[in-house]
Structure formats: structure tokens, C-alpha cells
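Have a look at the structure below before the remarks.
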Amino acid sequence: MALLKVKFNQKKRVKLAQGLWLMNWFSVLAGILVFSMGLFLKVELRKRSEVMDNSESHFVPNSLILMGILSCAFNGFAGKICYDSLDPTKFAKWKPLLKPYLALCFLFNILLFFVALICFLMRGSLDSTLAQGLKNGMKFYRDTDTPGRCFMKKTIDMLQIEFKCCGNNGFKDWFEIQWISNRYLDFSSKEVKDRIKSNVDGRYLVDGVPFSCCNPSSPRPCIQYQVTNNSAHYSYDYQTEELNLWRRGCREALLHYYSSMMSSMGAVVLLVWLFEMSVMVGLRLLHTSLESIANPEDPECESEGWILENNLKDTLKSALESLKKIGKFNQVEAGAEGAEGEEGGKTPAITTVS
């Protein structure tokens, strides 16, 4: 028994073709939207590529861009088929291509569904990428004279100001690295010498943070040096007082920003996928209803359309049998080639008659 069998007359077939033509052009617009989202996400990721460890995060925007292009191509082609289906003479040339085209549409929709899932599942990979990238970026913060790193200070400062964050996981991350360049240190000063000698790496570590960590909304002037020294500031306790530094780490801020963006894009792609599935089902019904017309010379006669010619179980069974036949055919060919090789390798015996 066919799956989702529907009876059509000429009027219904025309309405279905016209409706699908319109839906396909809406799908082209949806493909442009998916392409635009991928392009926008790629630009946003490239803006902060200096604080990202690798390029794995670009897999999502690249996939969205590819799916957008394929959606425009597939649906533009399907729109042409639906338009020509109104004329039997024009539709005849598309008949041999419809089955392969529907198979490609099915594969495309599977890929589109997986791209939507990836948009939701990339959070873990993005988290590790940002964590390592920000850690490396903070190490290079002081290298304002080093080629290739001279803009890192500006990048980190602008990042902390824009996203209202400080450090990788928090402001204390700045205590563990030397973020002040040696050119601004007075090495004749006893304090500088003591701080450099106080750690085995010979770095100048302070309990201070860059100015970009300061919260301008705080009524108190920014305390960016001696953050953990209560006696250095009047009426101050860094453990209990609400500091006038940004509490949130930049990894968390960026992760939330990109994750929410990707989740929104994933929801849009899922909606596009549902729309594409409905278009593919409609195109299959149109295809089968036109092929099952008993008398092609009488276009007004009734016909039947269906999704699958048999039920799902029988369809899967026949597909597996077809795959087995293909496998057996390949084995027979390989065996025949081996036998020919053995026969060709034998040296014919020559009998001498005296």
C-alpha cells in the first residue's frame, strides 16, 4: 500500500504546481537568509580571531553559507520544474530528472538538519577555543613592540570594554601574567627588583588589572592596582565589597554572545528545514500524480499521487535488497576478473611429436 496516497484531478494538480512554485521562491529567499546568517557569523568570528585558538569555529558559518547557496540552487530549479509542469509538453523533458533530483533533495535536507543541530552543539568546541585563545592573547598583551602582536593590547582592551568583562575567567587572571611591558618598568627601583625576584620565571607580577577592566558605572574611582590590598585603600575590603571591576570573565561573555547567536540561527535553520521538507513532499506528490495519469492525451482525468509507492517497511526492505544485489554483482565481477587473470597467467603446454 502506498504511503500518503492522494487523489488529484486537473484542478488540484494545477493548484499544487502553482503553490509549489510560490513555495520554492520563498525557499530561495530562505536560502538567501541562511547564507546571510553564515556570512554575518563568519564576519563576527573574524573580528575576534586573535583571541581564538583555532579555526574550528568557522565550520558553522561555512556550513550555513554552503547550505544557503545549495538552497537557492535547488529551489530555483524546482520552481522551474513546477512552472513547466502546467504544460505537459514542457514537463516531459523533466521526467527523467525528477527521481535523481528528489534523491538529491532528500540528501540536502538531511545535511540541512545536521547543520541546524551543529549550531546548537558547537558550544563545547567554542568554549575550549575561546579559553585557550584568550589565555594566549593575555600573554601577548604587553608585546606592543613585537611585530604581529602590537595590536593585541588594543584588541583585549576593546574586547573588555565592549563585553564588560575582565580576564579569561575573571579579573584575577591578570595577577598570574606580566601584562606591563618591560619598557615601562624602572629596573633600578627596589620594588620592581623584589617583584621580579619573587617568582621563578622572573616576571613582574602585580595584583592589578588593565584600565579596560574598570566599570565606569561604579561611583567609586577605579581601583585597578593593589586590588587585594585592603590597607592600600580607604574603607575597602576586596573580599566583601562590590568591586568596581567587571566580575565576568571574557570567555563567559564571548561564549554567551556566540552561543545565543548560533542557537538563534539554529532555530531559523530548523524552520527552513521544515519548510524545505514540505516543499519536497509536495514536489513528490506532484511528480507521482503526473506520472500516474492513465491517459496522457486527456489531461483532465484523475490520477493518484503518493510519497512512497509501498509502505515504509517494504520500501526499506526493497532498498536493502537492491544494495545486496549491487554487492553481489561487484563480487561476481571481481571473481570473474580474478579467474581471467589466472587463465592468462598459465603457460600453454606445447607437445612435440617426433
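Placement of Cβ uses the backbone N, Cα and C atoms for every residue, glycine included.
Feature list (source: TrEMBL):
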{"type": "REGION", "residues": "334-354", "note": "region 'Disordered'"}
{"type": "TRANSMEM", "residues": "20-41", "note": "transmembrane segment"}
{"type": "TRANSMEM", "residues": "62-81", "note": "transmembrane segment"}
{"type": "TRANSMEM", "residues": "101-122", "note": "transmembrane segment"}
{"type": "TRANSMEM", "residues": "255-275", "note": "transmembrane segment"}
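Cβ atoms under 8 Å from those of the transmembrane segment (101-122) belong to residues 57, 59-60, 63-64, 67, 70-71, 74, 77-78, 81, 262-263, 265-266, 269-270, 272-273, 276-277, 280, 283-284, 287 of the same chain, restricted to positions at least 6 beyond its ends. Listed by sequence, the residues of this chain that lie at least six past the ends of the transmembrane segment (62-81) yet keep a Cβ under 8 A from its Cβ atoms are 20-21, 24-25, 27-28, 30-39, 41-42, 91, 94, 98, 101, 104-105, 108, 111-112, 115, 118-119, 265, 269, 272, 276, 279, 283.
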